[in-house]
Amino acid sequence: MGSGRWSTDVYQAGERYRAATGGSAFAYSDSGARTVHPRLDPRQARLRESRDSVEHPRSTAIAVLFDVTGSMGHVPRTLQTKLPDLFELLVRKGYATDPQLMFGAIGDATCDRVPLQVGQFESDNRMDDDLGRIVLEGGGGGQRTESYELAMYFMARHTDIDCFRRRGRRGYLFIIGDEMAYPEVSPAEVSRVIGDRLPGPIRTESIVAELQQSYDVYYILPAGTNYAGDRQILGYWRRLLGQNVIELDDLDAVCETIALTVGLGERAISLDQGLGDLDEVGSGAGFVVGRALSRVVRL
Amino acid sequence: MDARHTVVVDLGYGDAGKGTVVDWLCANEPVFAVVRFNGGAQAAHNVVASDGRHHTFSQFGSGSFRPGVRTHLSRFMVVDPVLLAMEERHLAALGVPTWERLTVDERALLATPWHRAANRLRETRRGGERHGSCGVGVGEVMAFSLAHPDAPRVGDVRDPARLRRVFQLVREELSTELGGLGYDVPVEDVATAYEDFGRTVSIVDGAYGAELLAAGPCVFEGAQGVLLDEWRGWHPYTTWSTTTFDNAMTLLDEAGEQARRLGVVRAYTTRHGPGPMVTEDAHLTAALPDAYNTDGRWQGGFRVGHFDAVAHRYAVEVCGGVDALAVTHLDVAARTPGLRMCPGYETGERIALGEFGDLAYQEKLTAQLFTAAPVLDGHPSADAIAAALDAPVFLESWGPTAEDKRVRG
């Protein structure tokens, strides 16, 4: 019955798919999808968890949410190509124990079809798959606001992370964007996008305060975006997040910036040590990262 | 015919040339995607590019040689990730972009190697009473899903625990039923390969269909042929699939879209495998071998006959009519003077429709057709076929490539 050949088919098929997975980043979006992928749908997510396990007994939750509208559309593509570098630093250099990464995307709930996409916390290359499923909205209205407050609401109320729950260590949330949040979390948008019923609007300052109980929240404003260096937008985020606002001259350095920020936050390195590590792993981002983080480092 | 989308359906027993018609549409009209809406990996749609590249399309849409044309496997498809990977390897070798242009509905049924093994085992045991199965297990998948509401579906590849559970179920049920499958790849290994499939292809939800149809004109590519339809064909020599326009129309209705219905016929009638074929002629079978349809190990012989206007007219009728026809192999008909039209059988010019779903009636038709005698008259041409089926011919095909096609004014 030729079962030998069939079983070979199964293994060859698996190999074929594995060979393809590395190369087909953003297959979902590039194939024309314009609705949120089921795996990234906040309505279906309910709770995103970062859990300790036998393999990863001391998990560190790290979430990266980026604006996918307008000029920010290339951010996830850059992230995807730099992902191996980020893991290299986090794991091999011991910046954080058992890092678990989650990716998400932020759009505009007032006009976009896909205002919020949230992946899972993953400790292996499955996070790569989540990146590949993000719909790159691309549009964006240029009204200087995106629904960051909606994303922060999701992170505050729909994630559960063991590093905080079991060990009292806050996780890390990086928001990469170039605009401001809306002043309030809208109950109608929360109902439509996430599925919760809210008795009334929540001020963005309040949801940030709630979020900061379990996460260190950073805002990264990269160069080459619409409002890079914009005083109003920088000022807005500094009022919300204090010194945790990072101006980055080169988007290509975003993974190194995240890695070093985590390393500094975990007190695993000093900034000089971190920059030395970047040189050692052959990253040319040291200068840019050093400049970006010099304002962030707690003295 | 100003409808935005097109549904392409074979009005015979399959093998009329849907693939080459779909390829032509994708080359000559602004087609956004090809949507598969029935059957599974048993489809074998041959397309020859003008530069000589040839591919037998099975799960990928037959428009894939055309730049930018995507493939969507709708929820009516039976998806076989193992055979999909084999097909992809060949397409990729021809320089055709594959994974990035493919979307799969999470609700589509999944074929597994156990279904395939059961299919082959069952067909072997039928001995001389074979149904003409292709041996890839599509019918097994359909049968299993009717008996088991939790049969594996594409979306399950994202849920490792559930995937293993349903695979175990398939394996155990089919093994028990058949007293072993002669196939023993571990569930875990198949699950792993299918999870890799899930990481590679874009699995989409039910909302995607409407988005796709809104994004641009689509061609719905049918598989098999109407005379093999599970409800309207010559039972039991049928395929376990709805081969009429119905599934495509359901998808179009859900999106509030419309389509022209294009019926494809060869200028002579062919059939792969057993079952009634009134106009079969052994001399024609010997004289008109098919380049791509040779005798299949599981399917049986490739048979050729005169143009069976009675059977094709019946196909048009069970489809609820067609807007136009595409007639293929006119070049072969032109150089084969012995080919005839069959406008009627000795018993009459029409096969009467039964009640939908009345398989006892279909079986009665089968018995009648086995003994029916054809009346042969005239030579098949595009005009003769248009008149016999009472539908305009939109496209004539005079050879294997898109360049060999002609639009009739």
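Each Cβ is built from the backbone N, Cα and C atoms, and glycine gets one as well.
Listed in TrEMBL for this protein:
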type: ACT_SITE; residues: B:Asp15; note: active site, proton acceptor
type: BINDING; residues: B:Asp15; note: Mg(2+) binding site
type: ACT_SITE; residues: B:His45; note: active site, proton donor
type: BINDING; residues: B:Gln224, B:Thr239; note: IMP binding site
type: BINDING; residues: B:His329, B:Leu330, B:Asp331; note: GTP binding site
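Here the C-alpha separation of B:Asp331 (GTP binding site) and B:Asp15 (active site, proton acceptor) works out to 16 Å. Apart from B:His329, B:Leu330, B:Asp331, the GTP site neighbourhood in this chain, defined by C-beta within 8 angstroms of the site C-beta centre, holds B:Ala267, B:Val327, B:Thr328, B:Val332, B:Ala333, B:Ala334, B:Glu396, B:Ser397, B:Trp398, B:Gly399. Within 10 Å of the C-beta of B:Asp15 (active site, proton acceptor) we count 25 further C-beta atoms, all protein chains included. Only B:Asp15, from the recorded positions B:Asp15, B:His329, B:Leu330, place their Cα within 10 Å of the Cα belonging to B:Gln224 (IMP binding site). Separation of the C-alpha atoms of B:Thr239 (IMP binding site) and the residue listed as 'active site, proton acceptor': 14 Å, rounded to the nearest whole number. DSSP assigns B:Leu330 (GTP binding site) to a helix in the three-state reduction. The C-beta environment of B:Leu330 (GTP binding site), restricted to residues of the same chain at least 6 apart in sequence and closer than 8 Å, consists of B:Ala267, B:Ser381, B:Ala382, B:Glu396, B:Ser397, B:Trp398.
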